[in-house]
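Annotated repeat 'Solcar' per TrEMBL: 13-103, 115-206, 219-308, in sequence order.
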Amino acid sequence: MATKVNGDGRKPPSAATNLIAGGGAGMMEALVCHPLDTIKVRMQLSRRGRQPGMPKRGFLRTGVEIVRKETPLGLYKGLGAVLTGIVPKMAIRFTSFEWYKQLLADKKTGMISGQGTFFAGLAAGVTEAVAVVTPMEVIKIRLQAQYHSMADPLDVPKYRNAAHALYTVVKEEGFGALYRGVSLTALRQGTNQAVNFTAYTYFKEWLRVWQPQFEGGNLPSWQTTLIGLVSGAMGPLSNAPIDTIKTRLQKTPAEPGTTALQRISRIAGDMFKQEGVHAFYKGITPRIMRVAPGQAVTFTVYEYLKEKLEKSGPAVLTGSRYEE
């Protein structure tokens with residue numbers, strides 16, 4: 001099914017609109033959902049499956065152990081790195097998606113096919129992964145992987161905060177360490193946003209067909225939240241193994257004399273031999289619980305802020321060209 005590049009008939013949002021609306025949506029999503037991401041990372045890094053007879057440590061038990069040993073603030077480890085990168089990440093995601101849609105749309109009719117929407121989302125995900133997400137993920141995971149108690153001032157971790165982690169990683173491992181796992185991150189973000197934007201676009205178009213009174217405007221917030229929730233859950237289900245391997249790759253320093261492909265192959269091989277196939281899906285529950293509501297929050301806040309900015313903001317926010 002082909003859809004209009006802008007299904008509501010309005011001009012494409014400007015880069016300024018995407019910066020403010022996307023950044024606001026991303027900050028809200030991070031504040032609400034970051035604890036689930038920390039639990040996901042801890043589950044993915046767990047080697048519990050290697051020890052026969054040990055009970056499985058599921059989502060709830062992992063969260064309870066973090067709170068008990070590291071205080072509730074332990075669930076927010078790495079939040080600083082996320083908040084630092086979330087505004088450019090969301091601005092790049094929405095701006096590049098709109099740009100790629102314009103590029104892939106039929107020049108005569110202004111329509112874009114489902115395949116075009118999929119590839120626009122794929123390209124937007126890869127763009128944000130290379131520009132922002134990979135360095136942000138490396139720092140975030142290093143912070144989340146630390147098991148120190150945030151209530152004990154004598155329990156000093158290697159990385160004290162996002163800025164210190166960035167400085168330490170670059171000093172000890174070089175600037176290239178910030179891009180460890182960039183291929184897997186690009187693959188994960190690309191598939192996430194391809195599935196996410198395609199599903200969201202189709203759901204929104206179908207709801208507008210069934211409810212013509214909303215043509216040319218926003219859907220009710222609860223409907224945007226619902227379709228954002230459903231479309232957000234589809235990405236993690238499609239690429240869970242990629243995300244688990246990426247997390248383990250980014251957690252540890254590189255080994256001299258080994259290529260990225262060799263490290264990825266070794267990590268995947270060790271996981272399969274020592275922990276079984278299920279190891280590739282560790283953290284899938286908190287990841288879905290984090291990404292799905294996260295996308296629901298992101299789309300709802302983004303659509304709301306975009307509408308407010310376009311109605312009341314200066315001309316720079318409502319222009320049809322990104323250069324304005």
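Yeah, the Cβs are placed from backbone N, Cα and C, and that goes for glycine too.
Across the repeat 'Solcar' (115-206), the DSSP tally of helix, strand and coil residues reads 72 helix, 0 strand, 20 coil.
Counted with DSSP, the repeat 'Solcar' (219-308) comes out as 77 helix, 0 strand, 13 coil.
Summarised by DSSP class, the composition of the repeat 'Solcar' (13-103) is 76 helix, 0 strand, 15 coil.
Per-residue pLDDT, averaged along the repeat 'Solcar' (219-308), amounts to 89 for this model.
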